[in-house]
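Student: What follows is a single structure, and I will ask about it in a moment.
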Amino acid sequence: MQPKDLAKKLFSEKFNRTSELNVYAPGRVNIIGEHTDYNDGFVMPCAINYGTAVSGAKRDDHTFCVYAADLDQFDRFRLDRPIEQNPSEKWTGYVRGVVKFIQERCPEFTQGADLVISGNVPLSSGLSSSASLEVAVGKFCQQLGELPLSNTDIALIGQKAENKFVGANCGNMDQLISALGQQDHLLMIDCRSLETKATPVPHNIAVMIVNSHVKHDLVTGEYNTRRQQCEAAAKFFGVKALRDVSIQQFKEKEAELTALDGEAAKRARHVVTENQRVLDAVDALNQGDISRLGELMGQSHDSMRDDFEITTPEIDYLVELAQQVIGKSGGARMTGGGFGGCIVAVAPVEKVEEVRKIIADNYQKRTGIKEDFYVCTASQGVHLC
């Protein structure tokens, strides 16, 4: 059963009434532009046909009573008192954090509700289960309280909840694409100005996602370390963010930065070149040049492996297998925060079964882990359902 249907069904079972408000927000896959969002750079994701549904109805008090279907757990908190962490259950932080920061923007929002949350984005896969949850809860609150918040506002509140309440220093891409995604389009997002540019996905091209089932947890260490290294490099260049450094400027000072901090230099090289790759990818797509897009995806993966150092042997192997089949007809790369998670591959529809087969025949044999294979559709962002 799809999350939309399951959330409605479970709501009537758990609360003995019919839901009045149903919201759905998708997960996402990022085609190119990794670890560029928190450097004020460019990204090119699409919303996918996996996501989080919230079904609920008003209460006649100020309490939020939340049931997480996938975990079979309840959480209760009041909106007429300061919202605190619930240290025993991590998932509650995403919900409480969003409500807390909505109240910061709209202090009049104290309307209680019963709600059920159900999702089918694989957890810790790098497909943004957390952002789709935040955006779904944010939209639910906006509708519940008839609050003057745009979908962009909701996305930024979701990011703030993850940064300040959950403690993961993510950028804004995941929430923005979940809030603003367009059916059958990739969305190039300028993470500084928040401008977006939709580019259609050619109808004969498939977007495949393969979950390595090597788990990552961004709240711990490595992700936040990368962010600090990027900030240190920006400081070295005397700019607000690495977005402001061109490839030419980077090359001029690369040796100096390397002597000072070799790791920061490698991280900066990835971000500076990755921003350019996103802009080049938009041009390639507009010209229908999927071969060029694939080439850029390959360069992106190499840069994440060698300069940003966030891939794993299992992820590298999945990319290698997919690439053997795809050749110059598309591309494959790791997607998401890194240290496991998923790869994304873009190729003609007729290559899908061949890619699925080479991975099924080889990945588990080498790694001892069974992968999951998804063919995705570029989907609409958050909406009522």
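Cβ coordinates come from backbone N, Cα and C, glycine included.
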Student: E34, H35, T36, D37 bind substrate according to Swiss-Prot; which of Y67, Y94, Y223, Y317 goes with them?
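Tutor: When Swiss-Prot describes the substrate site, the candidate it includes is Y223.
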Student: I need the neighbours of the substrate site defined by E34, H35, T36, D37, Y223. Which other residues of that chain put their C-beta within 8 angstroms of the C-beta centroid, in sequence order?
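Tutor: Nearby residues not in the site list: G33, Y38, N39, V43, G171, M173, R226, V271, G337.
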Student: So which recorded positions out of R28, E34, D174, Y223 end up within 10 angstroms of S128 (ATP binding site), measuring C-alpha to C-alpha?
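Tutor: Checking each Cα against S128 (ATP binding site), the hits are R28, D174.
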Student: Of R28, H35, the recorded positions given in the record, which has the fewest other CB atoms within 10 A of its CB?
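Tutor: H35, out of the recorded positions R28, H35, has the fewest neighbouring Cβ atoms within 10 Å.
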Student: Do me a favour and check the Cα-Cα span between G126 (ATP binding site) and D37 (substrate binding site); whole Å is fine.
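Tutor: Cα-Cα distance, G126 (ATP binding site) to D37 (substrate binding site): 15 Å.
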